[in-house]
């Protein structure tokens, strides 16, 4: 049996939006209440199946580099997709999404797949970022959008599956494939609307 194709995915966004928590929830189904330090772990792997083919998602975290604006073109090298993350309880992190999108344009390959993810949607009473405005922005870019919660797990797997589907469609010639979600044994089609917190 041959090794699976590798999709390199980057997690970017302002510091403390929960990028590492999203990664750990998806890759390990774990969540830590306290801040997670990724300086010792740069990436995690998880295998998924799309249209009967196994793919390895190699998901890279910025490991705190975003605090110092030291993310360089080398971080983006070879990336197939980028999850741009913000915190729904922090308007500034959403405002900075445009800067992150500009950075993707500057450093990533043309046509890299992107997904916009608003994290911490479980904190309804503290929510500041309007869902419809974020959705309109994502629609204007022609990219998937969803709100997720690393704490509860809501839409975390869906966000990474949306990314995998985008990469598959853009780089492998697929078209809205059915995905066997890891751990669920079932399939889902990412073409439908996502539920929000």
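FYI, residue positions are counted from 1 along the chain as it appears here.
Note that Cβ sites are derived from N, Cα and C of the backbone, with glycine treated the same way.
Marked as GTP binding site by Swiss-Prot on the basis of similarity to another entry: 13-20, 61-65, 119-122. The S-geranylgeranyl cysteine annotation in Swiss-Prot covers 197. Per Swiss-Prot, region 'Disordered' is recorded for 175-197.
Scoring each of the binding-site residues (16, 121) by how many neighbouring Cβ atoms lie within 10 Å, the top position goes to 121.
According to its DSSP assignment, residue 13 (GTP binding site) is in a strand. In this structure, residue 19 (GTP binding site) is part of a helix by DSSP. Neighbour counts of Cβ atoms within 10 Å were taken for the binding-site residues 13, 19, 62; the minimum is at 62.
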